[in-house]
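Visitor: Sharing the feature lines straight out of TrEMBL:
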{"type": "ACT_SITE", "residues": "361", "note": "active site"}
{"type": "COMPBIAS", "residues": "282-320", "note": "compositional bias 'Basic and acidic residues'"}
{"type": "DOMAIN", "residues": "32-215", "note": "domain 'CAAX prenyl protease 1 N-terminal'"}
{"type": "DOMAIN", "residues": "219-495", "note": "domain 'Peptidase M48'"}
{"type": "TRANSMEM", "residues": "12-30", "note": "transmembrane segment"}
{"type": "TRANSMEM", "residues": "67-93", "note": "transmembrane segment"}
{"type": "TRANSMEM", "residues": "113-139", "note": "transmembrane segment"}
{"type": "TRANSMEM", "residues": "160-179", "note": "transmembrane segment"}
{"type": "TRANSMEM", "residues": "185-206", "note": "transmembrane segment"}
{"type": "TRANSMEM", "residues": "374-392", "note": "transmembrane segment"}
{"type": "TRANSMEM", "residues": "412-434", "note": "transmembrane segment"}
């Protein structure tokens, strides 16, 4: 298949496409950055619900993330290029063999592949650590989202590294064995294995893996739980368990999702999503009560002082005490207004808004979006394994990256990561477009369930709480956003786009 193509042409074609992709992504990022820099006032559609101060904070956060993202992308592209030019992959493969010899381990391609994976993961973790530290303790900290201590961060990083290896090493070893022993139809067995693993991972993740990193507790009995159960029952969603995850120990960002197969569904709500659970609200209320008490004491003291002064002045200059009393009354009213304003700044959503958000999420289930995405991903995976089977014996592909043999694991990396790169970019755009349409449909489902106004207010609140910048460049959004921009979703809900989705099912 590649008899007429030399290895240098393949190598530089891969490198050239990587740089073309980098420049394209950078161009899109700069478009979005210029859009944010030029957008300095709240859009007309949001002026009645978003304050200029919140908009300015979101804009600042967005620009800081943009700067960070551009710097990281430049670094990553230069690093990847140097790894290819300097023969990083064959060097690491040779190091894996030397490491196994030094450790006295038996010789074998599968064992060498696992050592290669271990060393590669260790390298990427160490090299990415400064960027993770900056993102967490500088960028997120600056804008009030980070809740981690350094000790928590280190512990969390080590946990992620350990869990990843515990899962990845046996899965990789089994996959390599299937490819080597599967004969001409190995691609069918490899696809079935990966498909099975993905189903198992979805099943066990929230029950056994996620709790290693965050605390999950059942949602207590009460109004919200009752409302959620009634919503699930109304559309025959097989809800088995309701959890609240303590995501606030890690970040102030909020989320909600469901998982599980068949009649064993669970819903997970982040505590930062719930107005009654958010630690930020508890802190704010305590501070508000404390400040209100201090304000009251101060105002009472000022009132007494002013009354004394007024009495003295009345004796000398016949000035009425009523002026002082009026000032005190005005101060009390101002204090109450300020306190009410702070109460309105609560983070998270009310119970009714949470219900609207869940109605959107359950709309994905009702409209079979999860099943459709699963089918699409598995068809793609099957075709990729089929093409891999046609290419894996082409020595020129291995030679292009400095290998004189044909290790199975290296073949997977070369073909899936580099040879499939153009296809992956196109597929990514298509999947992004489809997912964005699914989001509009789920919004329409919520509207059909009479949750339109509550979903709009919830989206606005979540946008503000997460400091998501509401103004986007159309091309950047089309290429990157799997979820439509806030303004597009609000307009669709207002216009009734797809409002009868539920009725048409």
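Every residue gets a Cβ built from N, Cα and C, even glycine.
Situate these features within the shown structure.
Guide: For residue 361 (active site), the Cβ neighbour count at a 10 Å cut-off comes to 17, with all displayed protein chains included.
Distant neighbours of the transmembrane segment (12-30): 66, 69-70, 73, 77, 80-81, 84-85, 400, 418-419, 421-422, 425, 473, 475-476, 479-480; these residues of the same chain sit at least 6 beyond its ends, with a Cβ under 8 Å from one of its Cβ atoms.
Beyond its flanks by at least six residues, the transmembrane segment (113-139) meets 64-65, 68, 72, 75, 79, 92-93, 95-97, 99-100, 105, 146, 148, 150, 153, 157, 161, 164-165, 168-169, 172-173, 176, 407-409 of its own chain at Cβ-Cβ distances under 8 Å.
Cβ atoms under 8 Å from those of the transmembrane segment (160-179) belong to residues 109-110, 113-114, 117-118, 121-122, 125, 186, 189-190, 193-194, 197, 201, 209, 212-213, 392, 408-409, 412 of the same chain, restricted to positions at least 6 beyond its ends.
Long-range Cβ contacts of the transmembrane segment (185-206) within its own chain (Cβ-Cβ under 8 Å, at least 6 residues beyond either end) map to 167, 171, 174-175, 178-179, 216, 243, 259-261, 266, 268, 378, 381-382, 385-386, 388-389.
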Visitor: Near the transmembrane segment (374-392), which same-chain residues lie under 8 Å Cβ to Cβ, leaving out any that are not at least 6 residues past its ends?
Guide: 1, 179, 186-188, 190-191, 194-195, 406, 408, 411-412, 415-416, 419-420, 427, 431, 434
